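Chemist: Provided herewith is a single structure, encoded as C-alpha cells, for subsequent inquiry.
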Amino acid sequence: MFSWLGTDDRRRKDPEVFQTVSEGLKKLYKSKLLPLEEHYRFHEFHSPALEDADFDNKPMVLLVGQYSTGKTTFIRYLLEQDFPGMRIGPEPTTDSFIAVMQGDMEGIIPGNALVVDPKKPFRKLNAFGNAFLNRFVCAQLPNPVLESISVIDTPGILSGEKQRISRGYDFAAVLEWFAERVDRIILLFDAHKLDISDEFSEVIKALKNHEDKMRVVLNKADQIETQQLMRVYGALMWSLGKIVNTPEVIRVYIGSFWSHPLLIPDNRKLFEAEEQDLFRDIQSLPRNAALRKLNDLIKRARLAKVHAYIISSLKKEMPSVFGKDNKKKELVNNLAEIYGRIEREHQISPGDFPNLKRMQDQLQAQDFSKFQPLKSKLLEVVDDMLAHDIAQLMVLVRQEESQRPIQMVKGGAFEGTLHGPFGHGYGEGAGEGIDDAEWVVARDKPMYDEIFYTLSPVDGKITGANAKKEMVRSKLPNSVLGKIWKLADIDKDGMLDDDEFALANHLIKVKLEGHELPNELPAHLLPPSKRKVAE
C-alpha cells in the first residue's frame, strides 16, 4: 500500500550516477533546475537558460578596464603573437567585444554568425540585438595558450554620458552576462594615470556578485618610481574599497605586461614575482573549471529558489478581479517587506536575494496575473539536487582534478618563465651557484669554520645541542631550523661536521634573505666530501 511513496523516497536518497562532471551538470540543470526557472519566468528577470556549450566550453578570462589600460596588449603578451582584429594605441582602439579562441586557421567570425553556432557558448547574446552583435566578433587562431583557455577582450570604458549612450546597447548588462560565464575577471588599471570614472565604477558594481572571480592588475607600473608606485597602489586600494563592498581585499597584481624593456627597472624583481603569481592563477583555471561550473550552478539554483518565492508571493497578494493596478504598485513599492517576510519564513540568507532596485524596475513591466502560485514539488526537486546530487558530483570533481596536471596552460608567455636561466628564481636563494664549478658554500666557509671550532668539536663533529646554541641566534622559528638541520645532516648521524655546519649556515642565510627553503637538498649544495655518500 502507498508503494509510490517509498519509490519517491528511494529516488530522493539515491543520487544519480554520472560519468563526467560536465555530463552531470547538463542533466541536473535540464531535469531539475530548468523546470523551476521556466515556471517562474526566471529568464526574463535574471539570466537566459543555459545550453550544452555553457558546460562544455574551455575556461574563459574576461578583461575589463578603461581605454588604453593595456587590455589588448596584455592578451598579445600572453599569446606572444598578434590576433585577428587586434588594434593597439593610446586612443580608444578596441571598439568591439573580441572573443579570442583556438582555431585551425586565423580568421574572424562576425557576431551574427557566432550566435547561431551551437558549439560556441554565445547563442544567448542575440538578446542584445544587432547594435551589440555588430560590435562582437570571435578572433580564431592556432596558439598553444588558447588550447586551454579563451580570452574576452572588451571595449575600453569611456567617461561621459554621450559615449555611454551612443554604444546602442546595454554595456553593463553585456559585461554581466559574460561575468556569469567566465572563470576569471581581470580588471586592468593604468598605474601611470590612475582614474576610475563613474562609468567604470558602475561596471564594477554590476559585477559585484562575482567578486570571487575578480583579480586586479595595476599595469604599466614600470613608468613610475617606487615611491610614486606605493602612492598609486594605496590610492587604488582606497578607491576599490569604496566600490567593492567586501570585507576581503581583492588581489592586486603589479607589473608591466608587455614585451618591451622596462622604462624604470627598479622594481624588476617585484614585477617578476607578481607576474608569476598571476600566471599561476591563470594556469589553475583549467584544473578548477569543473568546480567553477558546479559553483555557478549552485549559485544559480539558490537565486532561482528565491525568485520562485518572490513571484509566488506577489501572485498570492494580487486580487482576482478589481484594483489590480493599484495593488501592483503597492506590492512593487513594498518589495523590501516581501523580501523580509520570505527571508524569515524560509530561513534564506539576505545575500541570496536579487538586487531590490533592479527587481522593482523589472516588475513594473510585468503582468502579475501571469505569475504562478507556489509549486512545492518543483522546489523540492531543486532542494534534493542541492542536498544529494551536488554532493555526488563533488566527489567526481575531485577525481577529475586529481587526474589533471597541475599546470595545463602552456605556450606563449607561460613557456618563457618555466625553463632555463630566465625561469623565475633561477640562480637565487637555494639555487645560487647552480651553474658554478665550485661549491657555492666554500665562499663563506672560512667564516663558518671559525664559529665551528669554538663549539668544541669531537672527532671533527659537533653535537646537535652545540649546533642548536649557534643556530637559534638567527631567531628563526624552531620549525624552520628543524628543516635546515634535516637538510644539512646529510649522513643522518645526529651531528654536524665542518662542511655540514657550513651548509646549515648557508641555508640560514638563504632563509634570512627572504627565500624559501627547498624540500630536498639540491645537488649543487651537496658538499664535495659528501657527494659519494649521497650517491
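Heads up, residue numbers simply count up from 1 along the chain you see.
For all residues, glycine too, the Cβ spot is worked out from N, Cα and C.
Not my notes, these are from Swiss-Prot:
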type	residues	note
BINDING	Gly65, Gln66, Tyr67, Ser68, Thr69, Gly70, Lys71, Thr72, Lys220, Trp258	ATP binding site
REGION	153-156	region 'G3 motif'
CROSSLNK	Lys315	SUMO cross-link
MOD_RES	Ser349	phosphoserine
MOD_RES	Ser456	phosphoserine
DOMAIN	476-511	domain 'EF-hand'
BINDING	Asp489, Asp491, Asp493, Met495, Glu500	Ca(2+) binding site
CROSSLNK	Lys511	SUMO cross-link
Chemist: Per DSSP, what is the residue tally for the region 'G3 motif' (153-156) in helix, strand and coil?
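Modeler: Per DSSP, the residues of the region 'G3 motif' (153-156) fall into 0 helix, 1 strand, 3 coil.
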Chemist: If we skip the immediate neighbours and take only residues 6+ beyond the ends of the region 'G3 motif' (153-156), which ones have a Cβ under 8 Å from one of its Cβ atoms?
Modeler: 62-69, 71-72, 75, 92-98, 100, 135, 167, 171, 175
Chemist: Averaged over the whole of the region 'G3 motif' (153-156), what is the pLDDT?
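Modeler: Averaged over the region 'G3 motif' (153-156), per-residue pLDDT gives 89.
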Chemist: Around the Ca(2+) site (Asp489, Asp491, Asp493, Met495, Glu500), what further same-chain residues have their C-beta within 8 angstroms of the site's C-beta centre?
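Modeler: Here the nearby residues are Lys461, Ala488, Ile490, Lys492, Gly494, Leu496, Asp497.
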Chemist: Using Cα coordinates, what distance in whole Å links Asp489 (Ca(2+) binding site) and Ser456 (phosphoserine)?
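Modeler: Given the Cα positions, Asp489 (Ca(2+) binding site) is 18 Å from Ser456 (phosphoserine).
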Chemist: If we count other C-beta atoms within 10 Å, could you say which of the recorded positions Lys220, Lys315 has the fewest?
Modeler: Lys315
Chemist: Can you grab the distance from Lys511 (SUMO cross-link) over to Lys315 (SUMO cross-link)? Cα atoms, rounded to a whole Å.
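Modeler: Answer for this pair: 66 Å between alpha carbons.
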Chemist: Measuring Cα to Cα, tell me the gap between Ser456 (phosphoserine) and Met495 (Ca(2+) binding site) in whole angstrom.
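Modeler: Counting only the Cα atoms, the answer is 12 Å.
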Chemist: Rounded to a whole angstrom, what is the C-alpha distance between Met495 (Ca(2+) binding site) and Gly65 (ATP binding site)?
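Modeler: Counting only the Cα atoms, the answer is 59 Å.
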Chemist: What whole-number Å value do you get for the CA-CA distance of Asp493 (Ca(2+) binding site) and Ser349 (phosphoserine)?
Modeler: 60
Chemist: Could you tally the C-beta atoms, other than its own, that fall within 10 angstroms of the C-beta of Lys511 (SUMO cross-link)?
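Modeler: Excluding its own Cβ, the number within 10 Å is 18.
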Chemist: Does DSSP put Lys71 (ATP binding site) in a helix, in a strand, or in coil?
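Modeler: Its secondary structure by DSSP: helix.
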Chemist: Measure from the CA atom of Glu500 (Ca(2+) binding site) to the CA atom of Thr69 (ATP binding site) and give the result in Å, rounded to a whole number.
Modeler: 52
Chemist: What residue among the binding-site residues Asp489, Asp493, Glu500 has the most other CB atoms lying within 10 A of its CB?
Modeler: Glu500
Chemist: How many whole Å apart are the CA atoms of Lys220 (ATP binding site) and Ser349 (phosphoserine)?
Modeler: 41
Chemist: Please tell me which one of the recorded positions listed here (Lys315, Ser349, Asp491, Glu500) sits closest to Tyr67 (ATP binding site), measuring Cα to Cα?
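Modeler: Going through Lys315, Ser349, Asp491, Glu500 one by one, the closest to Tyr67 (ATP binding site) is Ser349.
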